[in-house]
Amino acid sequence: MPMHFIFSDEAVLLFDFWRVHSPTGMALSVLVVLLLAVLYEGIKVGKAKLLHKTLESLPATNSQQFILGPDQDSTGSRSTSDNRTRLRWFLCYFGQSLVHVIQVVIGYFVMLAVMSYNTWIFLGVVLGSAVGYYLAYPLLNMT
């Protein structure tokens, strides 16, 4: 395996069964990696939107309390609505954790694809990241 970038239409990507032996196969592989990079950028924006929606849906005092921690002088009693709010916060946090795991897995797949040192794959990742950023980041400003 070369330790420098090469232009080639032959490569083994991520798994042994993903062997590329033709220009058509390389073009399809670049497309798959490009889409993975776009998905990675989309998930980053999705995580930010999910956190923003979660914090908006909670009352201001509760969302600040969950971020900053409970007050020192709070008593041990909690109301039913407080418990529901905590459960909803936990479920949102659990969902964000799952989305984060998916983002990490996709990120490592993209990184390992680049580590094939194939220039076409590298360019696909760069282009996919650019396209994903271009498409996804304007969604952050939408409410």
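Cβ coordinates come from backbone N, Cα and C, glycine included.
Using a Cβ-Cβ cut-off under 8 Å and counting only residues 6 or more beyond its ends in the same chain, the topological domain 'Extracellular' (1-22) has close neighbours at 29, 33, 109, 112-113, 116-122. The annotation topological domain 'Extracellular' is assigned in Swiss-Prot to 1-22 (among others).
Residues annotated as transmembrane segment in Swiss-Prot, with sequence analysis given as evidence: 23-43 (among others).
Positions annotated as topological domain 'Cytoplasmic' by Swiss-Prot: 44-93.
Sequence annotations record features per position, and here Swiss-Prot assigns phosphothreonine to T75.
Annotated phosphoserine per Swiss-Prot: S77, in sequence order, evidence recorded as a large-scale study or a structure entry.
According to Swiss-Prot, the feature transmembrane segment maps to 94-114 (among others). Distant neighbours of the transmembrane segment (94-114): 13-14, 33, 36-37, 39-40, 43-44, 46-47, 50-51, 54, 121-122, 125; these residues of the same chain sit at least 6 beyond its ends, with a Cβ under 8 Å from one of its Cβ atoms.
Sequence-distant contacts of the topological domain 'Extracellular' (115-119) (same chain, six or more residues past either end, CB-CB distance under 8 Å): 1-8, 11-13, 26. Positions annotated as topological domain 'Extracellular' by Swiss-Prot: 115-119 (among others).
Positions annotated as transmembrane segment by Swiss-Prot, on the basis of sequence analysis: 120-140 (among others).
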